[in-house]
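Below is one structure, written out as structure tokens, with a few remarks after it.
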Amino acid sequence: MSFLCGSASTSNKPIERKIVILGDGACGKTSLLNVFTRGYFPEVYEPTVFENYIHDIFVDSKHITLSLWDTAGQEEFDRLRSLSYSDTQCIMLCFSIDSRDSLENVQNKWVGEITDHCEGVKLVLVALKCDLRNNENESNAITPNNIQQDNSVSNDNGNNINSTSNGKNLISYEEGLAMAKKIGALRYLECSAKLNKGVNEAFTEAARVALTAGPVATEVKSDSGSSCTIM
């Protein structure tokens, strides 16, 4: 039996990628993960301290095994949450459209924490609870936006999307997109876990972004002094 470093066939082996889901407490991260991985929406809010999900998807004919790390957004879990960042290829940074604090914390809190623990990691900004917008044109806006290639904002009918709060101070699509550009996110997505709208699309786009990051490599030296990169 012989081994050739880096030459083994991996055609049947899934590509492994790690994605951390980050954002304020109660913004909807766990509900998003439950709908995507288990197919159900939890009606009762239960704060998450830490949970890891493994889920297989196919993106652009590639079999990907996603390691999805749910994190607690509360300040008292800052030290524990910091353990989640190692070997991360993409972060889904979330906010809720009914909480301006959660949007402001994207820049004021989370980007700084990300820089401290995994500077340079690829970011995807995700707006949650978009079912709270009951305007038909707004609900049609639950689609991914590739920030680097398409800065236009339109609905399925080709019309400009006008933010509407129906008496509530809901965050508009345009405000979310502006924040995504400000923090250098590669994608801006909107979804509703409750209605299961845009959920699969959000994780598909995050997986695409994670693929561009490449695998985390560890260099191991042999007795002869030569090195081999283990993916």
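Including glycine, each Cβ sits where the backbone N, Cα and C put it.
Now, the feature entries from Swiss-Prot:
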MOTIF     45-53  motif 'Effector region'
COMPBIAS  139-150  compositional bias 'Polar residues'
MOD_RES   Cys228  cysteine methyl ester
LIPID     Cys228  S-farnesyl cysteine
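The average pLDDT computed over the motif 'Effector region' (45-53) stands at 84. Secondary structure counts, DSSP: the motif 'Effector region' (45-53) has 0 helix, 4 strand, 5 coil.
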